[in-house]
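K.L.:
What follows is a single structure, and I will ask about it in a moment.
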Amino acid sequence: MNGKRPADPGPARPMKKGKKQVSAEFSDAVTEEILRKQVAEAWSCRTPFSHEAIALDMDPFLHCVIPNFIQSQDFLEGLHKELLSLDFHEKYNDLYKFQQSDDLKNRKEPHISALRKLMFEDFRAWLSKVSGIDLEPTIDMSCAKYEFTDALLCHDDELEGRRIAFILYLVPSWDRDLGGTLDLYDTDEHLQPKQIVKSLIPSWNKLVFFEVSPVSFHQVSEVLSEETSRLSISGWFYGPSLTRPPTYFEPPIPRNPHIPQDHEILYEWINPAYLEMDYQMQIQEEFEERSEILLKEFLKPEKFAEVCEALEKGDVEWKSHGPPNKRFYEKAEENNLPDVLKECMGLFRSEALFLLLSNLTGLKLHFLAPSEDDETEEKGEGETASAAAGTEEGTSRRPSGPENNQVAAGSHSQENGEQADPEAQEEEAKKESSVPMCQGELRRWKTGHYTLVHDNTKTEFALDLFLYCGCEGWEPEYGGFTSYIAKGEDEELLIVNPENNSLALVYRDRETLRFVKHINHRSLEQSKAFPSRSGFWDFAFIYYE
């Protein structure tokens, strides 16, 4: 475009001359017409193609590598220097942690400007011919810097109009042990990611680009180097949008009403302090104000020790739980659990615990728990806020009256146990719209595990319960904490850190989402202080009124 315009008089002439001196060209081998046609033919036929200057592969989805993209090393050094002088901003949420520059669209630095022209004029024209896609001149390019423990978890890059993603690496000597690889996932019959089948190692002046599609799932693995940064320029070429397949919805997790259970289970398992009427009233008041509470030393010490011993013995059958664009952790197979762990799972599903939780939180989780019609004059109306204390959004609720706390320890649970049939309860609870239900699992958390917020996350009113085991020496900087955020926002409302024998209760509304932050390699420090530890466990349950 500049070549078609007459030179401006005055000081503009040296500037244009300067720009001509800083120019970028990509590999002559790639621009050869014969090679370009061969790559275009392979792209069109969806067949692999390999040449010393360029490699195209279809497994697990279409991607291409040009090992020496820019011709001039002097240009690359100048570009590298300009990039490091930029202001970087920390990017942090459930999906990623790294540093990113401002958009490079309007930067005036000579090397950055020259690269931008190369990518979105010369290379875009070449890529349009190769791919057969009418790529638009839209500029979308930024610089990313990944340092120790930074990562970008599994995602597909799909956004309206994105057709081809690219990454130009400007890293020093690099190998797989340093992490930071571009990992590519294969997919199942539902077009959901399964496992990593290919990893591309960054190297100086390597360009990787791939077709953005419903199956282009990839991640940047955690950077493991404490000395070296992983610097890259990345962006997208835009064009006509592809038609997306119908959204896949996972089968819903079964929910069940409480299990009829003698109230003695509470006295057998739970710290007696939490069965005291006055203390329950105090807890309920705090919970209704904050919508969250952490109850320390929740289980009796001897019971907690039995649970930890069973978990440490290794007799539990663990199964990896995905898909990785939504979650990655291990879940216990309940059919083969040791007896004490089965009993603990039964505790959290028991009628007695439903009633105890009703009295600790003021929620209607049992037909004996007071409803709004039973509201007492002493207590009046109470507010249940959203997940974080101090937020103004929330749902108005009515707490239990003090006179109802005599059932806190489940003293009336047994005599009503026979009425716990789901159908009977449903009839009883029509005015409440549903029978109280729960779902739960026993999870193991290790380095690399996480959960993500995703587009199909169902948001509803619910009480989250977590009981943590094996957290000795666990630090917040390791990750593994549960973070609550408002829908559409990255700012954290509440963080629940794993803590031994602590029961976390959090009430969330329809505008509140949660995730477990990626557990990074700093977590390996735990095993140095506690050799028998390589992560932690939690009993995770959700209760619905």
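Glycine is treated like the rest: Cβ placed from N, Cα and C.
As the structure is a computational prediction, the values presented were derived from the model and not from experiment.
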K.L.:
Considering the Fe cation binding residues His155, Asp157 given in Swiss-Prot, which of His80, His89, His218 is annotated for that site as well?
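P.N.:
Among the candidates, Swiss-Prot records only His218 at this Fe cation site.
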K.L.:
Excluding His155, Asp157, His218, please set out which residues of the same chain place their CB within 8 Å of the center of the CB atoms of the Fe cation site, keeping sequence order.
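P.N.:
Surrounding the site, in chain order, are Leu152, Cys154, Asp156, Glu158, Ala165, Ser216, Phe217, Gln219.
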K.L.:
Under DSSP, the domain 'Fe2OG dioxygenase' (137-239) has how many residues in helix, strand and coil?
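P.N.:
Its residues fall into 3 helix, 52 strand, 48 coil.
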K.L.:
Under a criterion of Cβ-Cβ distance under 8 Å and sequence separation of at least 6, what residues of the same chain contact His155 (Fe cation binding site)?
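P.N.:
Spatial neighbours, sequence-distant, of His155 (Fe cation binding site): Leu95, Phe217, His218, Gln219, Asn325.
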K.L.:
Do you know offhand how many angstrom separate Asp157 (Fe cation binding site) and Tyr169 (2-oxoglutarate binding site) by C-alpha?
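P.N.:
Answer for this pair: 18 Å between alpha carbons.
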K.L.:
Using a Cβ cut-off under 8 Å and a sequence separation of 6 or more, which residues in the same chain sit near Tyr169 (2-oxoglutarate binding site)?
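P.N.:
Spatial neighbours, sequence-distant, of Tyr169 (2-oxoglutarate binding site): Pro202, Ser203, Trp204, Asn205, Lys206, Leu207, Val208, Arg230, Leu231, Ser232.
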K.L.:
Asp157 (Fe cation binding site) has how many other Cβ neighbours within 10 Å of its own Cβ?
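P.N.:
The answer is 15 other Cβ atoms.
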